[in-house]
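Each remark here refers to the structure printed beneath this line.
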Amino acid sequence: MITVNVDLGDRAYPIHIGAGLIGRAELFAPHIKGSSVTVVTNTTVDPLYGDALRAALAPLGKHVSTVVLPDGEAYKNWETLNLIFDGLLGERADRKTTLVALGGGVIGDMTGFAAACYMRGVPFIQVPTTLLSQVDSSVGGKTGINHPLGKNMIGAFYQPQAVIADIGALTTLPERELAAGIAEVIKTGAIADAAFFDWIEANVDALNRRDPAALAHAVKRSCEIKASVVAADEREGGLRAILNFGHTFGHAIEAGLGYGEWLHGEAVGCGMVMAADLSVRLGLLDDASRQRLDAVIAAAHLPTRGPALGDARYMELMRVDKKAEAGAIKFILLKRFGDTLITQAPDEAVFATLAHTTR
């Protein structure tokens, strides 16, 4: 087992990475102070790992209940969030009840938001079961739900007590979900660590075939990088925005097609292709680097052409992005691997990118 710590100055929490961790009671025990635990999961993950988690919690002597939600990005909304509150109130959960998020990014985001809201804040633990959630969404305290007009527009910054990333859970991940997670690994290397990006290029085939050592390294290094960024800028006042590379275009794709049509990581992968194209057009990035990024995204079996939503629709959706200010779209662009720039772009350049990178 590898442990990466997220140090926020006045508080910290561990990210435990390894195989078989869902069944290890000693990893959960230090973070559960009250007499009850509510596991929040979905209809896909609960049959796979729900019993193992509940068996691990049993020796702790806590009352354990489970809320099982429908699976998918389409359910990341108020109605589904209320199902969590219904479960908590039905169990008479109190302020010391610990929520455990067992699932991917949707479950983690909604459980964290529920924990932030219920009785104005209860503790929660992340148990991410997808590669995307292990390398990205479970770390850093971003929680929330979608709105029809924009992704993750309603939420809170609320940190978990711990993240328990069981690499073994990735063996049951569908191929599309695996590729979606690799997209966030690629993003992390591209924005923050050129040497890690080189490693990803050399090992993308190993990641595709779920080589345990490659997956463990990808999760570890991604978590180390994200932990350092979050420690420097917990609430996304500046530096942390670089983690949104590919997300301005990507969120527009998700909202424009309807949540769940493309996986989040698929949209981010394509969004990185689009952002790199815009970076070249603005004279920030050399074309050889753009080609390298495009190639590794394609090698991870991710889409490299965006849907034809139309220029006006893309612009409308990107203006709803959380980074936008007074309606001005802000992009995270590449100068070189490991070096980014947060900037606006002329509409003409954006239109040229859309013409070149969408169907």
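Every residue, even glycine, has its Cβ placed from backbone N, Cα and C.
Record note: Swiss-Prot gives His247, His264 as Zn(2+)-binding, and the candidate from Glu175, Glu184, Glu348 in that site is Glu184.
Within its own chain, Thr130 (NAD(+) binding site) has Gly103, Gly104, Gly105, Ala169, Leu170, Leu173, Glu177, Ala180, Gly181 as residues 6 or more apart in sequence whose C-beta sits under 8 angstroms from its own. For His247 (Zn(2+) binding site), the Cβ neighbour count at a 10 Å cut-off comes to 25, with all displayed protein chains included. DSSP assigns Lys151 (NAD(+) binding site) to a strand in the three-state reduction.
The CA atom of Glu184 (Zn(2+) binding site) is located 17 Å away from the CA atom of Ile107 (NAD(+) binding site).
A Cβ within 8 Å of the Cβ centre of Glu184, His247, His264, the residues given for Zn(2+), is found for these other residues of the same chain: Leu132, Asp136, Ser137, Ala180, Ala183, Lys187, Gly246, Gly250, Gly265, Ala267, Val268, Gly271. Neighbour list (His264 (Zn(2+) binding site), Cβ cut-off 8 Å, at least 6 residues apart, same chain): Glu73, Gly105, Leu132, Ala180, Gly250, Glu254.
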